[in-house]
Amino acid sequence: MAKRLFIKTFGCQMNVYDSARMADVLAPFGFERDERPDDADLVILNTCHIREKAAEKVFSELGRLRRLKQARAQRGERMLLAVAGCVAQAEGEAVLRRAPFVDIVLGPQTYHRLPEMVERVSRGGRAVLDTEFPDEPKFDFLPEARAEGSNAFLAIQEGCDRFCSYCVVPYTRGAEYCRPAEAVLAEARALATQGVRELTLLGQNVNAWQAGPEWDLAALLTALAAIDGIERLRYVTSHPRDLGESLIAAHRDLPELMPFLHLPVQSGSDRILRAMNRGHDRDEYRRLADRLRAARPDLALSSDFIVGFPGETDRDFQDTLDLVAEIGFVQTYSFKYSPRPGTPAAALPDQLPDAVKEARLAELQALLHRQTEAFNQACVGREMAVLLDRPGKYADQLLGRSPYMQPVHVRAPGRRIGEVVRLRIAAVHPNSLEAIPA
Ligand code: 5AD
Ligand code: SF4
């Protein structure tokens, strides 16, 4: 009999991928994914620990789920509650202390064991806690990935050895691990056979991927581009220090590689970059951007920023604003610095008041917003290849993504989902671009 599974995902794309893989792991045991938690037999919260706000959301969500669980219990039914992901990894036992009605707590490295954990608590066992970093990589135990639509994420690397001073990732996801090339290629082939046209390779430090002397990310992208059906490639998230000559050349040589790169710089101030332990300064970042654009002139860059890092002065912040304008980022994610337990930056003196962070964030976001707008406007009249991936509101309308991830809608009778079509951008709407057949 089918059992209902509801997964709520917080945080990054790696978590979106992990959630899909957890569903794949549970499918052979009769679990089908549901859109709502109300009647679920198993609810998984796949959590994020990157900022305090993200971590706290989990506990308010758990409060709501507790009531659903009680309501089901009154009907004589059982809802199992699992907390997965980075909050589970970082807080472990503490999750069970704060929310004793939780049945399973599992870290990002043990979800291949989910069926076993579910089985154990179903038999009436006590809550299960599994936040180990097992010797055997979970990837070896996952069933074949099931595709949903024309785009897919594919995790090729996990964990991080960079230890930026503000970041919990090296602690929650562990040391860098790279999947073998053959495993990645096999997963990509399976996805392509199921209709996937665009692959986004995932890793916390994805461009550090290396699997033996011949296999770096450029070689992997080249091999993936040769797979029948794969028309577009992206990779995320990259660290500037690990972006070498071969990858820059791949941007020149591989038409499948989209001209849009998320390459976080975090700050424009050399002093702050040093305190963040980023391993590069603003000038090195600038030169990298120049080399990438020389290789691929239509390349656009996006970035993450942290404002209000401990000790950040008005001058440092101005350096960030200047760099944003100079590089011309077209898309960004910016955050107020959030001190995370166990990270070196949390212990630094000179933590800034929230009001300062708030004001700087608003100023930075206003600038970034203007740049995104300007970029969208500059796209009007341009021809772009758009991957159609969803039906639109009207019968002959389809939605898709531009090479720059902009949502595009077009009236294109006779076109089908899964096709890459050349379109001319005709207008900019608040949340999308409108196109006409080219
Ligand atoms: N506070 C605020 N933002 C953070 N990020 C990582 N750690 C923190 C933190 N402690 C941001 C970085 C990173 C993105 C995923 O989250 O900008 O690139
Ligand atoms: Fe965190 Fe830095 Fe690693 Fe990115 S590179 S995951 S910010 S430690």
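Using the three backbone atoms N, Cα and C, a Cβ is placed for every residue, glycine included.
As recorded in TrEMBL:
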- 3-123: domain 'MTTase N-terminal' (DOMAIN)
- CYS12, CYS48, CYS86: [4Fe-4S] cluster 1 binding site (BINDING)
- 146-374: domain 'Radical SAM core' (DOMAIN)
- CYS160, CYS164, CYS167: [4Fe-4S] cluster 2 binding site (BINDING)
- 377-438: domain 'TRAM' (DOMAIN)
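The residues near the [4Fe-4S] cluster 1 site, meaning same-chain residues not in CYS12, CYS48, CYS86 whose C-beta sits within 8 angstroms of the mean position of the site's C-beta atoms, are PHE10, GLY11, MET14, ASN15, THR47, HIS49, ILE50, ALA54, GLY85, THR172, in sequence order. Cβ packing within 10 Å was compared across the binding-site residues CYS12, CYS48, CYS86, CYS160, and the lowest neighbour count falls to CYS12. Of all the binding-site residues listed here (CYS160, CYS164, CYS167), CYS167 has the Cα closest to the Cα of CYS48 ([4Fe-4S] cluster 1 binding site). Taking only the Cα positions, the spacing between CYS12 ([4Fe-4S] cluster 1 binding site) and CYS160 ([4Fe-4S] cluster 2 binding site) is 15 angstrom. Within the same chain, residues at least six positions away from CYS164 ([4Fe-4S] cluster 2 binding site) with a Cβ under 8 Å of its Cβ are GLN266, MET276, ASN277, ARG278. Ligand 1 lies under 6 Å from the Cβ of the following binding-site residues, listed in sequence order from CYS48, CYS86, CYS160, CYS164, CYS167: CYS167. Between CYS160 ([4Fe-4S] cluster 2 binding site) and CYS86 ([4Fe-4S] cluster 1 binding site), the C-alpha separation comes to 14 Å.
Within the set of binding-site residues CYS12, CYS48, CYS86, no residue has a CB atom less than 6 Å from any atom of ligand 2. Helix first, then strand, then coil: DSSP counts for the domain 'TRAM' (377-438) stand at 3 helix, 35 strand, 24 coil. Reported as a whole number, the C-alpha separation between CYS167 ([4Fe-4S] cluster 2 binding site) and CYS86 ([4Fe-4S] cluster 1 binding site) equals 12 Å. Summarised by DSSP class, the composition of the domain 'MTTase N-terminal' (3-123) is 64 helix, 25 strand, 32 coil.
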